[in-house]
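First comes the structure, then the notes that go with it.
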Amino acid sequence: MNALAATNRNFKLASKLLGLDSKLEKSLLIPFREIKVECTIPKDDGTLASFVGFRVQHDNARGPMKGGIRYHPEVEPDEVNALAQLMTWKTAVAKIPYGGAKGGIGCDPSKLSISELERLTRVFTQKIHDLIGIHTDVPAPDMGTGPQTMAWILDEYSKFHGYSPAVVTGKPIDLGGSLGRDAATGRGVMFGTEALLNEHGKSISGQRFVIQGFGNVGSWAAKLISEKGGKIVAVSDITGAIKNKDGIDIPSLLNYTREHRGVKGFDGADPIDSNSILVEDCDILIPAALGGVINRENANEIKAKFIIEAANHPTDPDGDEILSKKGVVILPDIYANSGGVTVSYFEWVQNIQGFMWEEEKVNDELKTYMTRGFKDLKEMCKTHSCDLRMGAFTLGVNRVARATILRGWGA
């Protein structure tokens, strides 16, 4: 089952629990707008290259649409659609005044030079500048993009609309980015993990963690969890996987990965097969890489008691079913990784006010939002006698449905 089919399935289950009528259900599912553009750029060698860019704007009942832009060879309409819809529910779960969107360009950023990436980003922005905006649709970084990409979008957009720092989030600090944004998704994962463990009478300290993915989210989660006394026993990234049953020295690993661009070869742990990372012995598993990695092939082998979904859609419905029968508790992605979009919202607020916050305020506010979000999610679980994933989906869908009806859009 692909990401779109799985997301639609979860939406329909939530809709059934909430008792939404079929017309409202249909209007909530259909995207507000789908954009597909051709982006042709001159390469450094003088030849022309064409790429396809997408932007799916899913829903704006609760506010401007919000979602990342990814540069990846496998960007395709169904995936972008699923991720845009997930953003609608995620922003509603986080209780921030946004709808959902997602975009991307089908390209391999590792095969493009910096100047080619800049040209590609500027052409994409030229094609969509009149369809995004501070109060319309606010992009952010995602896989294969970062603060520099956002700086190029901001500059290109500002040529048409005047200087508009709030049009994108995840910007460099010098262009109105927020302190604490870089760590936000990983910090949110840590706060979510804390909230879940507290519910079960445990704390992070002394728990054994395995983290799949050591990019921005995985590395920050590892750093913050180890600072709280958690023991990271195995980690993987695109270069390989490593394990140390006594706990990996995370500060040393972070220094190593900065220098060597990956965990492979780190001498404070033993190399293991990357494919075995998800089934390593641990208390808490954090998939922080790609979607669909936990499925019917490996779900039975997973030894963790808790799974914190730091990636988008890491568990497919088959995997979900197997794990729930085993009694594994899954903290769903639309809550667990919402720290990034929450601090993006703080950045947008700061830009509109023209008044920047101290990092301590950003982190304190994030903790408040994540803690409240977990409480709201648990309330929905009690109301509808469902697991955490359905609790999160019913919470998000219910908030969007209410906004839709209040605005007079109910079909």
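Going from the start of the chain as shown, residues are counted 1 onward.
Using N, Cα and C of the backbone, Cβ positions are placed for all residues, glycine too.
TrEMBL: automatically predicted annotations, no manual curation.
TrEMBL has this to say about the protein:
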BINDING   Lys66, Lys90, Ser344  substrate binding site
ACT_SITE  Lys102  active site, proton donor
SITE      Asp142  site 'Important for catalysis'
BINDING   Thr185, Asn216  NAD(+) binding site
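Structural mapping of features recorded in TrEMBL.
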residue: Lys66; record: substrate binding site; contacts (Cβ under 8 Å, 6+ apart): Met87, Thr91, Tyr98, Gly99, Gly100, Ala101, Asp137, Val138, Ala140, Val341, Ser344, Tyr345
residue: Lys90; record: substrate binding site; contacts (Cβ under 8 Å, 6+ apart): Gly100, Asp333, Ile334, Tyr335, Asn337, Ser338, Val341, Gly396
residue: Lys102; record: active site, proton donor; contacts (Cβ under 8 Å, 6+ apart): Arg55, Val56, His58, Gly67, Gly68, Ile69, Arg70, Val80, Asn81, Leu83, Ala84, Leu86, Met87, Asp142
residue: Thr185; record: NAD(+) binding site; contacts (Cβ under 8 Å, 6+ apart): Asn216, Val217, Trp220, Ala310, Asn337, Gly339, Gly340
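Cβ proximity to the substrate site centre (mean Cβ of Lys66, Lys90, Ser344, cutoff 8 Å) flags the following additional same-chain residues: Gly67, Met87, Thr91, Ala94, Ile96, Tyr98, Gly100, Ala140, Ser338, Gly340, Val341, Thr342, Tyr345. A count of other CB atoms within 10 A of each Cβ picks out Ser344 as the most crowded of the binding-site residues Asn216, Ser344. Neighbours of Asp142 (site 'Important for catalysis'), defined as other CB atoms within 10 A of its CB across all chains, total 22. If you compare every pair of Cα atoms in Lys66, Lys90, Ser344, the residues listed for substrate, the longest distance is 13 angstrom.
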